[in-house]
Every structure is written in C-alpha cells, then in structure tokens.
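*Asks:* What follows is a structure written as structure tokens; I'll ask about it next.
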Amino acid sequence: MVITPETSPKELRKLLRSRRRSLTNLQQQIAAENLCKQLIKSPLFKKSKHIGLYLANDGEIDPHLLLKVAKKYKKHIYLPVLRQWPKYAMVFQRIKPSTRWTFNQYKIKQPVYDKTKLSHPLKLDLILMPLVGFDKEGGRIGMGGGFYDRYFSYLNRMNSWRKPYLLGLAHECQKLEKLHLNSWDIKAMAVVTDKQWYFH
Ligand SMILES: Nc1nc2c(c(=O)[nH]1)N(C=O)[C@@H](CNc1ccc(C(=O)N[C@@H](CCC(=O)O)C(=O)O)cc1)CN2
Ligand SMILES: Nc1ncnc2c1ncn2[C@@H]1O[C@H](COP(=O)(O)OP(=O)(O)OP(=O)(O)O)[C@@H](O)[C@H]1O
C-alpha cells in the first residue's frame, strides 16, 4: 500500500506497524545495536541520570542494550506503567533487580505498580519514546492510546519546560514526509533511528 496525503490516521498506523513488524530478527538486532551505539556516545544520554525507557513490543526498535550501560554508569531506569484506573494515565516507575513484573492490558510487560518507585515527570532527564511514525520536525504517531500525549500535556503548559528531554526512537522505515498534527499532539524534541539523528 502506498501512503498518500489522503491516507487516514488509522490506515497510516496500521501500515507503519506492519512495516516495523516485518523486519527480520537479524534486522531488529542490527537496528538495536546501531541505535544503542549512537545513543551511548551522545551528550544527551551521557548527561542524563534518570531515564525513561520502554520494553520493545510490536516490532519497536529495541533499546534494551542501554540497560547494561545504564547500570555501569549508575543511571536510574524507569518504565511506563498503565493501570486499570485511571484508565488513560501512564506513570514512570523505577526498575531494580528486585522489581516484580506483570503485563498491562495490551500484554506489554511492565513492573507491578509500586507508588514508592514512581518518578515525578520533572525528575526524569530523558524519556525515550517508542514511535510508530515520525517526520523530520518531530511530528509523531504513537500507538493511539494518547498515553504519552497526556503524560506531557501538563509539561507543555509550563513555560519553563527544560526536562525531561523527549526523544523519539524509531526504525528508519517509519519516517514520513510531513505528518498532520492534532492540537493535543506533543512533538518529539528529536528522533533517533538505526541510521541517524533528526533534530529540528
Ligand atoms: N513498548 C511500549 N510500551 C508502552 C507503550 C508503547 O507504545 N510501547 N505505550 C505507549 O502508549 C503504552 C501502551 N500503549 C498502547 C496503546 C495501544 C496499544 C494497542 O495495541 N492498541 C490496539 C487495540 C487493543 C485494544 O483495544 O485492546 C490497537 O490499536 O490495535 C498498545 C499499547 C505503555 N507502554
Ligand atoms: N492531553 C490530552 N487530554 C485528553 N485526551 C487526550 C490528550 N492527548 C491525547 N488525547 C486523546 O488520546 C487519543 C489518542 O491520540 P493520538 O491518536 O494522537 O495518539 P498517539 O499520539 O498515537 O499516542 P501516544 O501519545 O500515546 O503516543 C485521542 O483520542 C486524543 O483525544
């Protein structure tokens, strides 16, 4: 299927998801290594102590190689946690070797909710956000739950938003020409793929 300006958001999401899912294990592995190499040497990653990550799902580019590096440099890693209620809220919870695990309603592995391990959004330095699609200006399509949009909507209203830095991660094959954005869409500040960085 060809993408045109008339392609509906629903179609676009479906197409891009199937594109990333059709990558082979070897392609995924190489992409993960290339992504990790670029991130590790970036000043952004180096200076960030509190980092929000995700566990790759549905063909997403996999940032798990960063975990080892993070441990070495004593960085704190947080993962998104969804709950039954409030239904659309996402929180970031610190993971440790003692973390207990469960699955969210979309069957994505996540830590068992523990409010003592939650991070306030402003405490995080860097959030690595999984993308379904993106353009060079930071426009992005996510999984459609609006979880990241909601999480950042209040940061967006603050005029002194310096952190967390919102970095989108994607496969190069998820890049699109120009995305139509909705009023609630929160842009990525930059995007990094298996091939290169996109700053805007
Ligand atoms: N790895 C990873 N973790 C993540 C996210 C993510 O995008 N990637 N999220 C970022 O948001 C949250 C989960 N958001 C999701 C939103 C929609 C669907 C999804 O598959 N929706 C189906 C409908 C399923 C249903 O209705 O039950 C679909 O659209 O087909 C999955 C995850 C939290 N954790
Ligand atoms: N700040 C917000 N408050 C309330 N609803 C919101 C907010 N942001 C987004 N939504 C709702 O979330 C739904 C999904 O939005 P959208 O399709 O843009 O998701 P997405 O950008 O793909 O997801 P995500 O932000 O999790 O990556 C929309 O119905 C939208 O109305």
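Each residue's number is its place along the chain shown, starting with 1.
In case you wondered, yes, glycine gets a Cβ from its N, Cα and C as well.
Features from TrEMBL:
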{"type": "BINDING", "residues": "L55, E60", "note": "substrate binding site"}
{"type": "BINDING", "residues": "R140, I141, G142, M143, G144, G145, G146, F147, Y148", "note": "ATP binding site"}
*Asks:* Would you list the other residues of this chain near ATP - those whose C-beta lies within 8 angstroms of the C-beta centroid of R140, I141, G142, M143, G144, G145, G146, F147, Y148 - in sequence order?
*Replies:* V132, D149
*Asks:* Filter the binding-site residues R140, G142, G144, G146 down to those with CB closer than 6 A to an atom of ligand 1; keep them in sequence order.
*Replies:* G142, G144
*Asks:* How many Å separate the Cα atoms of L55 (substrate binding site) and G142 (ATP binding site)?
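*Replies:* Computed Cα spacing between L55 (substrate binding site) and G142 (ATP binding site) is 15 Å.
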*Asks:* For ligand 2, list the binding-site residues among L55, E60, G142, G146, Y148 whose CB atom is within a distance below 6 Å of it, in sequence order.
*Replies:* G142, G146, Y148
*Asks:* Can you tell me the three-state DSSP label for G142 (ATP binding site)?
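*Replies:* Going by the DSSP assignment, G142 (ATP binding site) belongs to neither helix nor strand, so it counts as coil.
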*Asks:* For each of G142, G144, G146, count the other CB atoms within 10 A of its CB; which of these binding-site residues has the top count?
*Replies:* G142
*Asks:* Which of the listed binding-site residues (L55, E60, R140, Y148) has the least company, meaning the fewest other Cβ atoms within 10 Å of its Cβ?
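*Replies:* If we count Cβ atoms within 10 Å for the binding-site residues L55, E60, R140, Y148, the smallest count is at L55.
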*Asks:* By the DSSP assignment reduced to helix, strand and coil, which category contains E60 (substrate binding site)?
*Replies:* coil
*Asks:* Nearest to E60 (substrate binding site) by Cα, among R140, G142, G144, G146, Y148 (binding-site residues)?
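*Replies:* Its closest listed neighbour, by Cα, is G142.
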